[in-house]
């Protein structure tokens, strides 16, 4: 029994490594890419004074503000419009003259770049930093999407397996699920044919065969000679020797050519993103998962970001996971938020799955509407 278990274990290990290896590689590349970007941006941007603060624009703004305010009380009401319009010219960088690009803040900036969040209150100010940021995003964003796609396959497998198990419970009734699930989930697959089912035999009579019929060939020496020549030619054709050629390795079994581990890795790379496309669960369930996932972070975030309550923290997490990133909520301790990097990656993938399911439902609705018009039902309703 022990001897027979070794070959099975040897087959399972390469397959398991082949499934985990692409995701681990993508994740390691992303972490390395973020660390390298943090080192580069902290070296370029640290201690730089904002250019906009040195060109006299801020001083001109203050002089104009003093001129507007240096008036009597009777003129104040008339100058309110001028004051309001002038205050709209305020630039945020005037009140943050020196940037603080430590390693952790630079790492936080890199994460906001390739995750396409971009809160807006951390940004490069030097010309080299801006050019480097564009180049960094060109390679970082596709790498982030690769990680999200591979993570999405894992999440889709977990969600699909969990949902199929919960469907077996009594409270998951079919009328309840049929409101939110596509009909494809309830279609019964046809039963396979039994193995012992009799296969109908096709009998062809001798009269239906082409060529001379049995018993119709005249007993002549020419007829027998003709049959002999045909059989001799057929035998000679079958035994014809082909010229020797160079032996080539067959590609019918790629595992022998590449090795079991390499073949498993390549085959799993070809299947990246397929599980997300096949996932199909009810919208209320995925909406509940998104709400619970964001609520967990919203409950933890105010412990170190004391200026945020649960409502504002929930809003901040939602804006982050949907990659909107308005920048209206500024974190006082962004370094702590780096510990939520895995949370952000998984959360972005959950939100992406939710959007994908909503997109599929909208496509189904659109198809049903088009079929409704195509079948002429709308014409008959209008005619009535």
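Cβ coordinates come from backbone N, Cα and C, glycine included.
In three-state terms derived from DSSP, residue 70 (N-linked glycosylation site) belongs to neither a helical nor a strand segment and is classed as coil. Per Swiss-Prot, the feature N-linked glycosylation site maps to 70; the stated evidence is experimental evidence.
The average pLDDT for the region 'Selectivity filter 1' (116-121) in the predicted structure is 80. As annotated by Swiss-Prot, region 'Selectivity filter 1' applies to 116-121, with the evidence given as a curator's inference.
Residues annotated as topological domain 'Cytoplasmic' in Swiss-Prot, with sequence analysis given as evidence: 1-23 (among others).
Sequence annotations record features per position, and here Swiss-Prot assigns topological domain 'Cytoplasmic' to 149-280 (among others).
For 356-384 (among others), the entry in Swiss-Prot reads topological domain 'Cytoplasmic'.
The transmembrane segment annotation in Swiss-Prot covers 24-44 (among others).
Taken from Swiss-Prot, the feature transmembrane segment applies to 130-148 (among others), supported by sequence analysis.
Marked as transmembrane segment by Swiss-Prot on the basis of sequence analysis: 281-301 (among others). Within the chain, the transmembrane segment (281-301) has long-range Cβ neighbours (under 8 A, six or more residues past its boundaries) at 159-160, 163, 177, 180-181, 308, 310, 313-314, 316-318, 321, 337, 340, 343, 346-347, 350-351, 353-354, 357-358, 361.
The annotation transmembrane segment is assigned in Swiss-Prot to 335-355 (among others).
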Remote residues contacting the region 'Selectivity filter 1' (116-121) - C-beta distance under 8 A, at least 6 residues beyond either end: 92, 141, 144, 320, 323-327, 330
Cβ atoms near residue 70 (N-linked glycosylation site) (within 10 Å, other residues, all chains): 8
